[in-house]
Amino acid sequence: MQQLNPSEISEIIKSRIAKLDTSTEARNEGTVVSVSDGIVRIHGLADVMFGEMIEFEGGIYGMALNLEQDSVGAVVLGDYLGLAEGQKVRCTGRILEVPTGPEMLGRVVDALGNPIDGKGPIEAKQTDAVEKVAPGVIWRREVNEPVQTGYKSIDAMVPIGRGQRELIIGDRQIGKTAVAVDAIINQKDSGIKCVYVAIGQKQSTIANVVRKLEEHGAMENTIIVAASASDPASMQFLAPFAGCTMGEYFRDRGEDALIVYDDLTKQAWAYRQISLLLRRPPGREAYPGDVFYLHSRLLERAAKVNEDYVEKFTNGEVKGKTGSLTALPIIETQGGDVSAFVPTNVISITDGQIFLETDLFNSGIRPAMNAGVSVSRVGGAAQTKIVKKLGGGIRLALAQYRELAAFAQFASDLDDSTREQLEHGQAVTELMKQKQYSPMSVAEMGVVLYAANEGYLKGMEVEKIGAFEAALLDYMNSEKKALMDKINEKGDYNGEIEAEIKESLDQFKATQTW
């Protein structure tokens, strides 16, 4: 047996000691005190920051929302059923981030950016913070480019510009989502990237939206962020912020994006649930005091930013380009009550609203937009020339019709001018009807609006107006394609184009093909 030299033994021990890793990792740990309804109370975590990600045992994450004297209130991001009292929790030193970039287009993800469409992982090259400060006043530009929804009634009377926030408000089941989805479908050739955020909806409804976007070739241009009714309140609360971050990726690089929040009422409900479980003091309708700030900080991130902002953000890589993020938030009212807390909040934050009415919907007028109450505060500057010039007469005709129709119910004999106005208003109301998934081009809108303004519908039976419009558009797209292409190119309207439209309408009316 070999004898070991004591000096050799000491050398081996010394070398082992020299190689020993004695570095220490400071970890701020706490202990779970209670778990209930997705809310966790934690003892410890003295250095945790507001909004910081915290990690539970088993790789589950949470977000610190209440920082109290001797405990922390956190919301669990995901399934909380595996958490138990006494488990360890640690700080991560990070705030919540989601993957962003063009790799997200065409995919359906949850509020944390994880794919849920079964198409495999997303190879996103970067992540961005979910909560961001909106661009300051100095970086913003005026809204001066249009977002065409494809609905003639909206584009003519309530125009939407790139960088605007336009609220879609109304009771349940009257076509709010239909308007927003059609607006997304209409962007498939416009270069505008789209984000659709589904909050608290049935999974079957979300699947139907995905299917319709795929059918119309718009899905490859769209990101869908889904927090369904079966997801925790924390995910429904975070989904709009995650979707906004994904849309901002394009805005900050000199591109245009459109985001639909469907709907913010359910986000407010989720936030109310979280706040009450965190024992925050309730205010009006049991909402917490900062529910206005919840929506204002989200919607202020939709903006049109100037060339300097884009150049600074991209470190000089993109020059001379403006970027925009246009928001279409949806709010669901109860019994048409727009004076409730959340609707009044969002109306005051946005740049206008499209008000959909149950009575109009039930009487067959779709989209069921009330033209008298609906308004766009900044979109007029962004309208195409032809729609702006010809759309003014439509709003006036509908306003006069609504006023006269109320009096006509009580009057037995009407003079000729009043009867003409009533008939014209009826014809225009019928003309403003439009089927879902059938968006119109600028040229098609221009021709239809010109026909309404210049008396081409006069004396026509209301039942035949739909057939007249369909036949007119078929004729214009086949026989007058050069004129339609010229209008679509720039949306201009001048004496020459007016004369060509008039000549085309006269020729069509002579054919009597409807």
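Note that the numbers count up from 1, one per residue, in the order the chain is shown.
For all residues, glycine too, the Cβ spot is worked out from N, Cα and C.
Long-range C-beta contacts of Q173 (ATP binding site), restricted to its own chain and to partners at least six residues apart, with a cutoff below 8 Å, are absent. As annotated by Swiss-Prot, ATP binding site applies to G170, D171, R172, Q173, I174, G175, K176, T177.
Around S374 (site 'Required for activity'), the same-chain residues at least 6 positions away in sequence with a Cβ under 8 Å from its Cβ are M157, V158, G352, Q353, I354, F355. What Swiss-Prot records for S374 is site 'Required for activity', and it gives sequence analysis as the kind of evidence.
Taking the mean position of the Cβ atoms of G170, D171, R172, Q173, I174, G175, K176, T177 as the ATP site, the remaining same-chain residues with a Cβ inside 8 Å of that point are E332, L356, F361. Neighbour count (other Cβ atoms within 10 Å of the Cβ, all protein chains): 19 for G175 (ATP binding site). The Cβ of G170 (ATP binding site) has K176, E332, T333, G336, F355, L356, E357, T358, A368 as same-chain neighbours under 8 Å, each 6 or more residues away in sequence. Shown are the binding-site residues D171, R172, I174, K176, T177; the one with the most C-beta atoms within 10 angstroms of its own C-beta is K176.
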